[in-house]
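Chemist: In case it helps, TrEMBL gives these features for our protein:
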ACT_SITE  90  active site
ACT_SITE  93  active site
ACT_SITE  116  active site
DOMAIN    77-150  domain 'Cyanate lyase C-terminal'
């Protein structure tokens, strides 16, 4: 399965390179975020049937067999050695360094819960800082998921056991 995924990803990234388009350009043409386009081409996201024609128009070399593969739910995974890549390491470092404060602010603003990474949007943007230098803006936009109080009366499996 991993070899098949690697082969598919290689073919998809080759098509992107041949197109000469950036993730941002493909995102504009498809109505997706730039990160979601990258996730699709890395087989980390599921291509919805309604979006397939837009992606095919944006990447004309995209074959029907690749589209078919991309419309299957992907195996969302990563190579553990990815942390050694400097950009990924710095992103991880940022989350680890700021994570506790971010968690406290989420809880303060929303209550006891977490940010979903399933109902989630992510983008990467380039802006000029006040000093005129390029800055990276990474936006995580996730739905808030409150933790639930675990009352036994709400536990469907227990209710079914009691009915038996």
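Cβ atoms here come from the backbone N, Cα and C positions, even for glycine.
Automatic prediction, not curation, is the source of TrEMBL annotations.
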Chemist: Looking only at Cβ atoms, how many others are within 10 Å of the one on residue 93 (active site)?
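Modeler: Its Cβ shell of radius 10 Å holds 11 other Cβ atoms.
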Chemist: Between residue 90 (active site) and residue 116 (active site), how far is it from one CA atom to the other, in Å?
Modeler: 22
Chemist: I'd like the number of other C-beta atoms within 10 A of the C-beta of residue 90 (active site), please.
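Modeler: Residue 90 (active site) is surrounded by 11 other Cβ atoms within 10 Å.
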Chemist: What are the non-local neighbours of residue 116 (active site), defined as same-chain residues 6+ apart in sequence with CB under 8 A from its CB?
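Modeler: Counting only residues 6 or more apart in sequence, the Cβ neighbours of residue 116 (active site) under 8 Å are 142, 143, 144, 145.
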